[in-house]
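Each remark here refers to the structure printed beneath this line.
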Amino acid sequence: MNGLKMLLFSTTLLTAFTLHAQVTLKQQVKITDEGLHFDGRNLDFSNVGTPDTGEKYDFFFGPNISAHGDAVKTYKHYVFMTWYKGGKSERNVMLSRYNTLSGELSTIEFPHRHTGFRGDPLVGESHNTIGLSVSPINGTIHMVFDMHAYDNNNHDGKFKDDFFRYSYSIAGAAELPHSEFTLDKFVKDTSEVSQGENDYKHLTMTGDLSDKGNFARLTYPKFFTTVDGTLLLYMRLGGNNNGAYVFNRYDAETETWSTFTKFNENNQKLKGNPYNWGLYGNMKYVNGKLRVGFQQRSNDNSDKYKYQNGVYYAYSDHPDGFGDWKNHKGEPMTWPLINSDEIKVFEPGDYVSHTDANSVYIVGSFDWTVTEKGDIHIISKVRSTDRSRPDYEEVYIHSYKPAGAEDFIISTDFTGASEIYTSGDNVYIVGLEGGRPYVEKAQGGTNNFVRVYEASDGPTFDHGTLYIKDGKVYYYLMERTSGNAMPLYLQIIDLDLDLESDANAPIVSFPSPSLTVEQGFEKLSLNIAAESPVEVRTIQSVTLYINDELVRTDTSLPYLFGHGSKPHETGAMGWLDTHEPNPSPLPAGRHIFKAVAVDSEGDSSVATMMLTVNSNAPIISFPQESLEVDEGFEKLSLNISAESAVEGRTIESVSLYIDGEFVRTDTSLPYLFGHASKPHETGAMGWLDTHSPNPSPLTSGTYEFTAVAIDSEGEESTATMQLVVKGEPEPPVVTWPNSTVTVYEGYEKLAITIDAESPVEGRDIQSVTLYRNGELVRVDTRPVWNFGHSHAPYEFGAMGWLDRHDPNPAPLSVGTHTFTAVARDSAGLETESDMTLIVLSLPGPSVMINESDISLLTEYQNLSITADASTANDDTSLVSLALYIDDQLVREIYEPPFEWGADGYSNELLELSEGSHLARVVATDSNNKQSESSIFINIDLLGDLNKDSVVDKGDTRLFTAKLRAGETMDIRYDFNGDGVVNNRDTRGLIRRCTYSRCTSN
């Protein structure tokens, strides 16, 4: 019944809200048929080393990389979109610009190609999105792209001097004519770390390479534009359970970016927090402020959360976010943030009943926004980790705080969504259903979502990303087809905000946005204020709802609810002698009061108030909320406190449960469980000589103790306590970034940071000791546990890389070497982990013949062959390149250019006989290592047109036929030397006949 009433109410609101507005699709345009998409297998660490080498494009994390992330923005009447070009062998970064006035589409292809998961182009990575922005002040275009926490050293150094990718244009490029909107309007990198002549990627945004450390280990670029046109960029620093949000600022006047500033610290444990944590959410610039909303992922893998937990929110009153950060209540927070609890809003995990380790899954379907009026809206989802468990739970949550309210309203009456957006004072859910776009809308500060747009035809889409500006949705979508190149579309959906209608809507408010009363409250009279801002309009009605149930409609002033004639309508008991007790008073808990005012023109507005009814139920508590004991504990006595909050009531009983299993009911004070007469009921072994050992003690694990108190009126309350039974001592965990590392002999640098931590709260790592092939290298007693750094360059056998480093007198030789790291914690426990270092001998030189296979006719006059070669490293030099034809040495050259058959040696390749010849160029380096490259030289008999190894009348007939057919002939068939090949040259061909009879004929 409640669901039906909610549906009817929402339909009424839809009619009111759309009286002056109609959400419509204004434009749809295809951007390309070649958007990159990953259509292969979803790999993991067990099979990422063996990706598909054919057409299928395997991936890590997810299949989407085009129309994904911060990929669409507007500037004046242009829409800009970034994408990667498909298919698998292309992968170029692309930028498209759509002119909404002329319909003209311009596209720029950049040289850079998606590098793939950890540098493997055969494995796509969905996190490597392209962030995009255009400065409204100077028309520069900015792109940050294709990175996932890279730095100079990780992933075997594949991203050295290329771990951050930033491209930008000259001023004014955003609105250049179609013919001038070209790649050369972007600025090349000409620094000392440039990747080549066509490198448009910059390692820093400041232009100063000394800042490069500030741009390392970053992921997920997203740009914002402030109210004054300033560009901000935010990214995530670090990893999933130890990260930070960082942001920087663009000065359009000087055309320079600042370095990144942290919103929160990473490595929080080193700064006094009990644990490290990372962020899963967003930083956004919305309603004139920089704000942050996220879920936390800690490195505690033993709690009930599989990954994330909590909802956290903060905002800055500084125009660019550089300070003045506060929680949702307006209270100052530590900046940069260290303890996330300072800004915690609520815990979604409380909305499911599971308590066992890793049983609660809070990933995905999280987003937030803030309306122009200041209403905060946060959506999230919590479910059981194991979808197959019989008590599976799944809850979608919409938590919102109307402007002016003190606390959030937490509603589970929500169908769920992946993203939430705002425009004006409304909030919107925009998504795909059945592959087609839809839009749902609610007034800010409410949970009244109604569908206002739904596409019924057109392409079916796989996914998309969007940007909302000036009341329009710019929905950037990928069509659902097949393969690793799929079409991309732009849809422009007009929300038709009807700002004039919004400005004319009634002004309605409760006396207070929130109120608290005691259960059984006698009186609650609410005088709701409602008036029209338009002089000639009047208020026709004010309707009150409680928890979306219709209470009453009032059509005349004052709009008073809960007055003496209707004492029960606000949930009160009644306060006059003439009032019968309310048979259905509001129970303890939170209740949403909603007032809907309608004016004489049919415009409507909504106001909400949250009423908190404090419970009359018993007050019950354990001595502690949580407790830790060692496995085999002898005694656990729990004196549970229980009393009534209402004078005259008594406690009738207290019952104890462990993980839902009934233990015992106690009906008299003290409510003591686990006492000497019942030592085993709390899971203990027993502690007196008279106690037999418990046959079923609590073993290692986490248990939930629940106490239920019932008072003399039958009302009940519960309290919980978590008991952690610790098993055998847990040693520290030590891990290498890579279990196997491969280098070439003579390698200059190998620096590795080893991760070591204790899984036991309160313990610290005291030391990490490194051994090489069983021999002690060094004991490190201070984090970070870094070996092979610039002050100890030889620890992993490297030669040394700085000018001050003497060459290592004992570098590691070619072969396999074992390095062992031993971590010791403050309890004296140790763990070791091995890494295998494979040292390969240097490869020979690289050599390539520049020509492809060559085909010539006998009596040819010219033939030359060229080659290029390089050595494996700068310390090795090239000795020579030698050309062999059919294994016969032609000539050995000792310095470039490497060319045979030219200059003073023009005859050395002439007079090769008819047939096929193998040409090989052999390169030799200073290590006496060789490599070779080869081609075939095919010499055909001049005049042998039919390829039968003789020149005869068959060839003369074929020659004549080709001339009649107008085919182009080799100029060497111009036997009479008149500059053309025609019938007059037939006699010259006949004279070349192999047999005399052909000549006479």
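Placed from the backbone N, Cα and C atoms, the Cβ positions cover glycine too.
The annotation in Swiss-Prot ties Ser126, His127, Tyr280, Tyr361 to substrate, and of the candidates under consideration, Arg97, Arg297, Arg387, Arg389, the one tied to the same site is Arg297.
Checking the candidates Asp189, Asp211 against Swiss-Prot: the one annotated together with Asp199, Lys201 at the Ca(2+) 1 site is Asp189. Around the Cβ of Asp199 (Ca(2+) 1 binding site), a 10 Å sphere holds 17 further Cβ atoms from the protein chains shown.
Spatially, by CA atoms, the binding-site residues Asp199, Lys201, Asp303 include one closest to Tyr280 (substrate binding site), and that is Asp303. Rounded to the nearest whole angstrom, the C-alpha distance between Arg297 (substrate binding site) and His127 (active site, proton donor/acceptor) is 18.
Sequence-distant neighbours of Tyr305 (Ca(2+) 2 binding site): residues of the same chain at least 6 apart with a C-beta under 8 Å from its C-beta are Ser298, Gly349, Asn358, Val360, Ile362. The C-beta environment of Asp303 (Ca(2+) 2 binding site), restricted to residues of the same chain at least 6 apart in sequence and closer than 8 Å, consists of Asn309, Ala357, Asn358.
Of the listed binding-site residues Tyr280, Tyr361, the Cβ environment within 10 Å is emptiest of other Cβ atoms at Tyr280. Between the recorded positions His127, Arg236, Arg236 has the most other Cβ atoms inside 10 Å of its own Cβ, all protein chains included. In terms of local Cβ density within 10 Å, Asp189 ranks first among the binding-site residues Asp189, Asp300.
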